[in-house]
Amino acid sequence: MDDPVKSATKTNGLHKTNGTNGHHQEELKIAIIGQSNFAAEVLEVLLEREHIVVGVFTIADKGSREDVLAATARQLGIPVFKFSAWRRKGVPIPEVLEQYRSVGANLNVLPFCSQFIPMEVIDGAAFGSICYHPSILPLHRGASAISWTLIEGDERAGFSIFWADDGLDTGPILLQKQCPVYGDDTLDTLYKRFLYPEGVTAMAESVDMIAAGTAPKIPQTEIGASYDPALFREENQHLDLNQPALRIFNFIRGLDSVPGALATVEMTDGQQVPVRLYGASLSARRNLSNGKPIRFKGATGPSVVTREGIFITGTDGALVRVKRLKRGNRVIPAGQFYEQAQTKQAPLELSDKEQEQDALLRSIWKSILKVEIEAETDFFACGAGSMDVVRLVEEVKDTLEVPISNETLFMAPMYGEFLQEVVLRLRNGGSERGSDIGCDYKHVLLKANRRQIRVPTQMFVNGQFVDAERGKVLPIVNPTNEQVICEVASATKADVDMAVEAADEAFRGVWTSVSARERGQLMYKLADLMEQHKEELATIESIDSGAVYTLALKTHVGMSIDAWRYYAGWADKIEGTTIPVNPARPNHVLTFTKKEPIGVCALITPWNYPLMMLSWKMAACIAAGNTVVIKPAQVCPLTALKFAELTVRAGFPPGVINVVTGSGSLAGQALADHPLVRKLGFTGSTPIGKRIMASCADSNIKKCSMELGGKSPLVIFADCDLEKAVRLGMSSVFFNKGENCIAAGRLFVEDRIHDEFVRKVMKGIKTMRIGDPLDRATAHGPQNHRAHFEKLQEYCAIGLKEGATLVCGGKRVSNLSGFFFEPTVFTDVEDHMYIAQEESFGPIMVISKFHASDFDALVARANNTEYGLASGVFTKDIQKALLFAEKVEAGTVFVNTYNKTDVAAPFGGFKQSGFGKDLGKEALNEYLKTKCVTVEY
């Protein structure tokens, strides 16, 4: 057998020998003919492999814009020749041929070439000419091969490197490579995933084979050959809508993203609007009753516009969803076709710093496009291609440190629009546009605290304030004077459906493109805005819920801000674990877990801490990556609506946070029943919590967490610091007017100090100032609303009837209008009494005596309740304190303090006080699901 290293091989009719063992090998002298980034990368790879490139022949400049192949060659010191054409009237141009021949090339490499190259050039190189073609020849010959691979529904795509001849893509095959076509592939993804990177490598491999004398020439068969129309011609870009859904889908993705499938919308006024369609997918949906009809010219089947996009019905009844469309020069979400039909954004007024950013941005555009940049300059109309998009996006991200994507440019291809998008994101700390919702929503103007505060009165759905169905409203009453503050929207089931669908769409769409770190940045921005507006929020809370202003400022609002900052820090630190498992030897196994967001979460919050309860739950929910629909308490929703306004200013995308106002029996129940809601967090009474749990189970077994009623015991031993115990004991009951979930519902005071304790409490009550919650000296404001106020009166009447001693209070404050209830103290309370078993949720201190001789009996009395939210003990004996903490059945135990909660400490109860946690790291688990992944290798 001949030695293959020493033997001569015949390539393209020429004899050559390998250059080993002293044999002479003729060197390849390569001419690269073509254009684009693809050709430029082929040039660079060939040079890396130490091939000799003697010249680059490319297209003429477009204005002052040089093709990237020419620029790359010039930087590498390779002669560059630019021709607008190689032939004139079918005849080679002599001076062009002369320049080509001047480099002495013996191999032509055509990675991508849009020009007709004369046969005098193709056959003029001793080793011939090789071309790259993006299909598995002989299938899909022609200029639009990738598109037709998708349009025809081929299961496999690929490329061919072939020897050029006088036919159109008909020469012998040198090399072919294939890949599967995935269901979500488009023209862009197929090119970037396989045809581009593998094609560059394959072109270099082909040249290596030619140099080694091993390059084959396999004649193409005509069996299965096809030649497809060129899709750069507009007449071939029109979408036939009267065919099965799969064919419609394949045509759209075959032209995505350049040039885009062309269709015409027939408007109701007779106007015909040409559009290009992008982002197609086959949809399993069947019910489109909530969509708005849209008519495409020539289509026999119906099409509708929904928030999710445009749905086109194929002749087989199946649906195709289109996510984006281009109208004129602007790409918009298809679901916003009607909304954006007549909208035009006002130009921004730039600050000095933003003008500097404008100059930097213009310089980047100019360096890519090689033209002067005006507001109307269209990036793609200037001839920019896909790699130009990548370059622009990366340079803008690096230079201005703003997170944008290719989609940003597709949505705003004109410079003025793009500048506006970038500036708005910079203003919003890197988030999407939409930092200001304007002043056109319905609102009430609150005049208080030397302020005028605009508060929305509509629901907040999908980034907009909207009326409830049929304009339904409910009155909001100021508990200080019993006057109506305003009317707010009262959501119906249809309104809840709309909010949940918006949250679901955001979760599956725009929210997925926001990284965990960007999510945290949005939350920090929101916390900063809450800090800037804290006096307004505290004022609203005082007027709406009766909270004392100073307490609202420190706790209601202050702790809300703390919660958002705390969970903003957690957003990019949520992680899974790796788990050692037993492998099936000899194989290896990797098992790991992922923490993933649940989806759409519903939150139903109470009226005692409107903003704080919202923040405790929602901050963890958002940090985990969920979207949310919250129903604040029916009687005091105003801070939630003002909060919604701040989320827009912070830059949260539409649909991520939604607020539906209304009754619990209607709007709250609709959330509990909704099949798209996957998690429900509730704070409220135990009876309502039971009903919600049943609804969560019956609807779709949604995950739920419950913070319910409490009857928290506070034990005060005689060896305590009495002054501190009195001060904090009063706070444990009267804090926030007793409207406090962890309020000490029952005080057990050791008999030796009982009377002194009561005397000091009475003295303290006399110093409490009751009155206008906005007065900085006020210590005790009105109860939240009339129904609750009347229940407190009934509660005290039952206590008296059962024989408890009413030491003070038990009635309305006589000299004040509004829901003011006197701080109340009951003593001689026996374990069997109603007021010993049930919480008042008001400023009512319930005191029972105990003897210290039987510690276990005391703990049994403390635990003799169906509730287990919180508890407390005052003693200087650390052994007693720790034994009590060990034995008491409560989710929170305070020792020598009370009401000392922190955003980093988990909060939640036992027994019928509920389950699950707010606050702390543990609360994140309420809004996450754990996925286990096992890989064998």
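From the backbone N, Cα and C atoms, a Cβ is placed for every residue, glycine too.
Taken from TrEMBL, the feature active site, proton donor applies to His133, Glu707, Cys741. Among the features that TrEMBL reports, (6R)-10-formyltetrahydrofolate binding site is placed at Gln115, Phe116, Ile117, Asp169. According to TrEMBL, the feature NADP(+) binding site maps to 631-634, 664-669, 684-685, Lys791, 839-841. Feature annotation from TrEMBL assigns compositional bias 'Polar residues' to 8-22. Look at TrEMBL and you will find 352-426 tagged as domain 'Carrier'. The region 'Disordered' annotation in TrEMBL covers 1-22. Residues annotated as site 'Essential for catalytic activity' in TrEMBL: Asp169.
In the domain 'Carrier' (352-426), the DSSP tally of helix, strand and coil residues is 51 helix, 2 strand, 22 coil. Of all the recorded positions listed (His133, Lys631, Lys791), Lys791 has the fewest other CB atoms within 10 A of its CB. Other residues of the same chain near the (6R)-10-formyltetrahydrofolate site, with their Cβ within 8 Å of the Cβ centroid of Gln115, Phe116, Ile117, Asp169, are Leu110, Cys113, Ser114. Note: the CA-CA distance between Phe116 ((6R)-10-formyltetrahydrofolate binding site) and Leu666 (NADP(+) binding site) rounds to 71 Å. Listed recorded positions near Lys791 (NADP(+) binding site): none (candidates Gln115, His133, Asp169, Glu707, Cys741; Cα-Cα distance within 10 Å). In terms of local Cβ density within 10 Å, Gly668 ranks first among the binding-site residues Gly664, Gly668, Gly684.
For Ser840 (NADP(+) binding site), the same-chain residues lying six or more positions away in sequence with a CB closer than 8 A to its CB are Gly738, Gly745, Leu792, Tyr795, Val846. Per the record's binding annotation for (6R)-10-formyltetrahydrofolate, residues Gln115, Phe116, Ile117, Asp169 show a top Cα-Cα distance of 14 Å. The Cβ of Leu666 has fewer other Cβ atoms within 10 Å than any other of the recorded positions Ala633, Leu666, Cys741. Separation of the C-alpha atoms of Gly664 (NADP(+) binding site) and Ile117 ((6R)-10-formyltetrahydrofolate binding site): 75 Å, rounded to the nearest whole number. Set side by side, the recorded positions Asp169, Glu707 differ in how many other CB atoms lie within 10 angstroms of their CB, and the most is found at Glu707. Closest by Cα distance to Cys741 (active site, proton donor), from the recorded positions His133, Lys631, Gly684, is Gly684. Confidence across the domain 'Carrier' (352-426), taken as the mean pLDDT and rounded to a whole number, stands at 84. Only Gly684, from the recorded positions Gln115, Ile117, His133, Leu666, Gly684, place their Cα within 10 Å of the Cα belonging to Glu707 (active site, proton donor).
Candidates Gln115, Asp169, Ala633, Leu666, Gly668 (binding-site residues) were compared with His133 (active site, proton donor); those inside 10 Å Cα-Cα are Asp169. Long-range C-beta contacts of Ile117 ((6R)-10-formyltetrahydrofolate binding site), restricted to its own chain and to partners at least six residues apart, with a cutoff below 8 Å, comprise Ile33, Trp86, Asn108, Leu110, Ser129, Ala164. Listed in sequence order, the residues of the same chain lying 6 or more apart from Gln115 ((6R)-10-formyltetrahydrofolate binding site) and placing their CB within less than 8 Å of its CB are Ile59, Phe83, Ala85, Trp86.
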